[in-house]
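Features as listed in Swiss-Prot:
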- Cys266: active site, nucleophile (ACT_SITE)
- His349: active site (ACT_SITE)
- Glu351: active site (ACT_SITE)
- Ser45, Gly239, Gly241, Leu267, Gln270, Asn308, Gly310, Phe311: L-glutamine binding site (BINDING)
- 189-376: domain 'Glutamine amidotransferase type-1' (DOMAIN)
- 1-187: region 'CPSase' (REGION)
Amino acid sequence: MKALLALEDGFILEGQSINGHCESSGEVIFNTGMTGYQEILTDPSYYGQMVCMTWPLIGNYGINKEDMESEKIHVSALIVKECCRNPSNWRSETSLPKFLQEYNIAGIEGIDTRALTRHIRINGAMRGIISTSITDPNDLILRVKKVPSMEGQNYVTKVAPNSPWVLYGQCVVPADIKEDGSFLWKQNKIPLIVYDYGIKWNIIRLLEGAGFDPLMVPPLFSLEQVKASGAKAIFLSNGPGDPGTLIDEIQIIRELMEYYPIAGICLGHQLLGHAVGGTTRKLTFGHHGSNHPIKNLATGHIEISSQNHGFCVNFESNNDIEVTHINLNDNTLEGFIHKTKPILAVQHHPEASPGPMDSQYFFTRFKEVVLLKLGC
């Protein structure tokens, strides 16, 4: 079935719908990963975005339950050159087209993804729309101009939980919070409050592997509630949207900084940046992929990282902050620590899923910071 992709600047591409009649809109971005499409589709950080995969064949190893990063697909649409309908892999349980259809997510193939990627790289990420029903490009362009811009959008409210929860295997289970606000933590584990702005499940697994007992909570979980829970440390997750819109969340982080060790990844990194006096700005086309080189300034080592963000943190002048990592493609900030408080954060994704594992030491480093704060 014929489908059109229109960008807000009038750029039009024609392709075929992967799963029948569809219409979807959002911010069009590109991802340079060769694999990992299931993890990308189910990453809540992609909420409100239409993802163009630069690798020409997507879906050849299918879909399985174990590679989910959340309970469902969060992207607005998937854009590929060719979608494989007959996957071949011993772990495959269903195909990519069926997976998209199950969650009613638009998909388009037959697109010149190289031309689209070049256009975005030169002109920046922009609003787009896919439709099988509207065949007049001019009508599509008029409609896409009504789509909200990513800047100024609080999409955390679309993906964050309303109440505390824990992860058992692949199941999200409501947490048993007592009437006094306390929680029964696991023995011999560090009690950890995780602010869930749209967390990926592999972050939780690696926190558990590092010796933490993570309890996921809503974005506006107060300092008083944290104290009542008995937690010893705070973790700020990834998530979608514009970090500058999360005023209340940033204020809560400022309060938490006075009492607890804190680590943040991706959106968590950006919110911590705001909390300690920095700002954020939108990147031209963002960093999305599993092959981004960064430099660890403490060791001098180069790490290949998994990334997914459209905003970056800036510190004009802050003597309390030490930059720990930079992006070697554009020299943007990739990580920082606070010189006097137990705070550390990275913009990239040390949990990978998908991507390389060069930066997974971040979780054990956070544990070391927490134990030092606790006097252990």
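Yeah, the Cβs are placed from backbone N, Cα and C, and that goes for glycine too.
Overlay of Swiss-Prot annotations on the structure.
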residue	record	DSSP class
Ser45	L-glutamine binding site	helix
Gly239	L-glutamine binding site	coil
Cys266	active site, nucleophile	coil
Asn308	L-glutamine binding site	strand
Glu351	active site	coil
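Cα to Cα, Gly239 (L-glutamine binding site) and His349 (active site) are separated by 12 Å.
Between the candidate binding-site residues, Gly239, Gly241, the densest Cβ environment within 10 Å is the one around Gly239. Just so you know, the Cβ of Gln270 (L-glutamine binding site) picks up 30 other Cβ atoms within 10 Å once every protein chain is counted. In this record, L-glutamine is bound by Ser45, Gly239, Gly241, Leu267, Gln270, Asn308, Gly310, Phe311; the longest C-alpha to C-alpha distance in that set is 13 Å. The residues near the L-glutamine site, meaning same-chain residues not in Ser45, Gly239, Gly241, Leu267, Gln270, Asn308, Gly310, Phe311 whose C-beta sits within 8 angstroms of the mean position of the site's C-beta atoms, are Asn238, Pro240, Pro243, Cys266, His309, in sequence order.
The two recorded residues, Gln270 (L-glutamine binding site) and Glu351 (active site), have Cα atoms 17 Å apart. The Cβ of Leu267 (L-glutamine binding site) lies under 8 Å from the Cβ of Ser45, Val156, Tyr197, Gly198, Leu236, Ser237, Asn238, Gly239, Pro240, Gly241, Pro243, His309, each of these being in the same chain and 6 or more residues away along the sequence.
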